[in-house]
Amino acid sequence: MGKGRRKTMHLSKMYSLRRSGFEDDHSQIGGPGFSRVVYCNEMSGSEGITQNYADNYVRLTKYTPFTFLPKSLFEQFRRVANFYFLVTGILAFTALAPYSAVSAVIPLIIVVGATMSTSYNSEISNLFQDHEVNNRKVKVHRGGGVFESSQWKKLRVGDVVKVEKDEFFPADLLLISSSYDDAICYVETMNLDGETNLKLKQSLDVTSLINEDSKFNSFKATVRCEDPNASLYTFVGTMQFQEQRHALSPQQLLLRDSKLRNTDYIYGVVIFTGHDTKVIQNSTDPPSKRSKIEKRTDSIIYFLFFVLFLMAFVGSVYFGITTRDDLDGDRMKRWYLGPDRSEIFFDPKRAPMAAIYHFLTAVMLYSYLIPISLYVSIEVVKVLQTLFINNDVDMYYEEADKPAHARTSNLTEELGQIDTILSDKTGTLTCNSMEFIKCSVAGTAYGRHVTEVERAMAKRTGSPLLMNGDGNDDNSHLSVKGYNFEDERITNRRWVHEPHSDVIQKFFRLLAICHTAIPDVDEDTRNVTYEAESPDEAAFVIAARELGFEFYKRTQTSVSFMDARKRMSVIVRDEEGKLLLLCKGADSVMFERLSKEGRQFEENTREHVNEYAQAGLRTLILAYRELSDEEYKEFNEKFTEAKNSVSAERDDMMSEVTDEIEKDLILLGATAVEDKLQKGVRFSRMKQIVITLESPEIVAAEKAGDKSVIAKISAGKAQLDASRSEAHALIIDGKSLVYALNDDTKNAFLELAVGCASVICCRSSPKQKALVTRLVKEGTGKTTLAIGDGANDVGMLQEADIGIGISGVEGMQAVMSSDIAIAQFRFLERLLLVHGHWSYRRISSMGYAAFSGQPAYNDWYLSLYNVFFTSFPFPLLYQEGVQNTLFGWRRIFSWMLNGLCSGVIIFFLCTRALDPESYDKNGKTAGMEIVGATMYTCVVWVVNCQMALAVSYFTLIQHVFIWGGIVLWYLFLLAYGSLSVSISTSAYKVFVETLAPAPTYWLVTLFVVIAALIPYFCFKAIKMRFFPGYHGMVQWIRHEGHTEDPDYCNMVRQRSIRATTVGFTARSIARDNNLYNLERQ
């Protein structure tokens, strides 16, 4: 039985006529795409279960406990270097290996294991979130009118569930009834479309009385509807109930992850479950993201593979030829190889096979040319970069106690290469807060507040308007949220003294009545708060209340219509018994519906609306008319007939009925509300290119929307070509995007979009956001960044090269799906320009750890070179640019050349200095173990000293990593040499007994290191003095004291501007402004 006192909402003949937005064609039911059949309230074993619909278990993580190991191993071994070392590690267990198998496998295990551990830590929180969602509880009908708690994951299609206030809907439900007599409920769709405003839903009249637990004992119905799809705003279906067929619309569909608000409870039938639900259909599988630098690293590895195989091939051919000629009768040229008793490797009679085996051996021997340490180095530095981001106090939002959080270390360097930013609006760019700020009533403008846009324009033009207000964006001084109206002519009931006080009264009375807001009265204080479908409506009803027109109780039913009317109306009867139609809407549709007698204030109102629009305000026109009883009776009959129709023309019929009554209106005035921008979000004025299928003149062409959109794209390109020197903003709505993203249209749309400084996609679904992101990413080939704060942004964040989640008021779905989380949009600037820039420069400098491999050492020397001794290079701050110039092939080949030169110098100087001279006072000559250890010492010193030369300034971390790598080498020599000779082999006590006591070792190390550093130091000095990059020029500015010279600074700034800089406005400002704040950088 239903418990608690039911809310009462009396059904009256007052109608709210407003815009909805769905396209149904009930004649398609049963055809392709409309084949779903749901048997409602069927128990176990019924035919509804046998239809093999998806269960309600949802997994949004990249891994499961069963797939983590195979998937993560695949992630690791798709890196070509890891795969190569896996192959050589396997071959190391054969007789072909020139080193021990353990020394070949251990480094690979360390690298792969460390990276897999990082992936596991980042994924474990997502696994817990999935577990929590799937195990939430909801009441399910189990027969006999009894509802029992059950886990979400156990729901099946056809189940009847009872959802209570402030609970999420566990699946896509068909609304049967609610705690209101009129079977309405209020739904918060924040997790779907990012909007915190409430949506009104209403069940069919025939099921509205099934509103108690016991009444579901005998409830049976059959629903035939569309198949699972990603369209959030459409639903086509019919319900067979009590031998009658009833049309279903989106008005009866409650979507998964929406929340029930301001309603005690609802009953619903499960229509779509699990991955068939619309919100999951809008999601995309979590991608495996790899940065461009990591992909370029793979290209480097491929090149090195080519070099390695070429060396092995040439050497093996030469070896085969030489081996064939080893025996000349009884004479052996290379007697020490024993060719006369060799079986395969050195057998002159089987020279081709010997060459093949030599090739395999050489491939393994030269494997240290492949820098596995490059991956290790990058992983270490990336982890440190995430720590920098996480601990940046300048990105800490004190108000919400939220720091920045890098959820993955894989993509930090991508932040320094961003070409295009794709951003959500509500809650990301804005505070999701509307304020009633101005209005025009009876041709008179009211409201003295200066908007953010007016203030920004005043700053640019030097207007004294800026003096009106302190320019602070902080609205903490506001006593009432949503109300920021200041005008002594209206406030404190002074409006009664205005010339048109009767019009002002009707104006604010309309604001107080014409809406879908729900009043919530506090029983203790009797204060009234409102829950509205949009922030605009909340601002209107709050403004009316503050000015003396309080909306206290709702006694009407809201009825939604499908059309592109851009207006809403209510029909009420006033205290004098008059029937009034109150209407508000966009100026594009309202002015044309005015009567001749109702246009008294039109000219002034139009002028005020244009001024408000230029000030960045959202405007609506308010008007009304009186109705006769006969008019209302005729309208009500037609409206009821159209609403109950099941034909494909149902919505057109309803539109025609409302169009007939919304005419001959009398103008009252216009409202203006301000959508507050977040702190740090700036405004720019641009010419507009609009692509929309919402405007009334093309409603008839909507069925051929692709042609209309193509025509508008062509017109936009023509407008863009005609004024290339000016910035343009492209505005396109969700319906137009459907056609713009078609295969035959999307390239033209992309061409138009990239030619504009900004692109605004209005009312786009989560899937459309993801598709637009994919189009930009794949179509331009540039690095993209997506930023959002709601569940509807998840697909976009996952599709972009890097996704930024705003940890705002719209839940944690975006954050959990993002790569990096920040608390405010304004922190994005620092994240890109500081952390992104330096992360890119650091990672681009890892080449110094990669190309200094040397030949012929103890196998553990080689293995640990690639893991420890050169795994910790820190930022090299001298390279120029963030346009991927730091990791281009020219720079990569220069690193290779540097490594080659250093290697040649070290090899020849060490061998010439140590062979064949006596090494110590006993006259002992240097063997391979001594020469190899000495050369290896020189390698470690040279690599780390080159990094030290490249660093512009030292911190404790740099000292630890650079000099620590050298110290670690000597500690390893001591520890490894102390092991038994069976383990340490040629390194057994080589440092303690041979190297350390010999002055020759230290002298050779000193002079060889200096000799190897001289070419690098000379190159760096010449480049800095005569060919400085951008950062080098900034350093010269500081050094020579030119920081106050605007011409010189501007010349330096010009070198940082690239054609790919995002936005026309950004480039213009960069050209016009001088370099500033150099001393602070």
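Positions of Cβ are set from backbone N, Cα and C atoms, glycine also.
Noted in TrEMBL for the protein shown:
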| type | residues | note |
| --- | --- | --- |
| ACT_SITE | Asp424 | active site, 4-aspartylphosphate intermediate |
| BINDING | Asp424, Thr426, Asp789, Asp793 | Mg(2+) binding site |
| BINDING | Asp424, Lys425, Thr426, Glu537, Phe561, Lys584, Arg618, Thr692, Arg763, Lys769, Asn792, Asp793 | ATP binding site |
| DOMAIN | 38-104 | domain 'P-type ATPase N-terminal' |
| DOMAIN | 815-873 | domain 'P-type ATPase C-terminal' |
| DOMAIN | 874-1028 | domain 'P-type ATPase C-terminal' |
| TRANSMEM | 81-99 | transmembrane segment |
| TRANSMEM | 105-122 | transmembrane segment |
| TRANSMEM | 300-321 | transmembrane segment |
| TRANSMEM | 355-378 | transmembrane segment |
| TRANSMEM | 892-914 | transmembrane segment |
| TRANSMEM | 934-953 | transmembrane segment |
| TRANSMEM | 960-979 | transmembrane segment |
| TRANSMEM | 999-1019 | transmembrane segment |
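Broken down with DSSP, the domain 'P-type ATPase N-terminal' (38-104) shows 29 helix, 3 strand, 35 coil. In this structure, of the recorded positions Asp424, Asp793, the smallest number of CB atoms within 10 A of the CB marks Asp424.
Across the structure, Asn792 (ATP binding site) and the residue listed as 'active site, 4-aspartylphosphate intermediate' are spaced 9 Å apart at their Cα atoms. The Cβ of Asn792 (ATP binding site) has 30 neighbouring Cβ atoms from other residues within 10 Å, across all protein chains displayed.
Counting C-beta pairs under 8 angstroms (sequence separation of 6 or more), the transmembrane segment (934-953) reaches the transmembrane segment (999-1019) with 3 or more such pairs.
Comparing Asp424 (active site, 4-aspartylphosphate intermediate) with Asp793 (Mg(2+) binding site), their Cα atoms are 7 Å apart once rounded. Most Cβ neighbours within 10 Å, among the binding-site residues Arg618, Asp789: Asp789 holds that distinction in the structure as shown.
The average pLDDT computed for the domain 'P-type ATPase C-terminal' (815-873) is 61. In this structure the alpha carbons, written CA, of Asp789 (Mg(2+) binding site) and Arg618 (ATP binding site) are 23 Å apart. Straight-line distance linking the Cα atoms of Arg618 (ATP binding site) and Asp793 (Mg(2+) binding site), rounded to a whole number, equals 24 Å.
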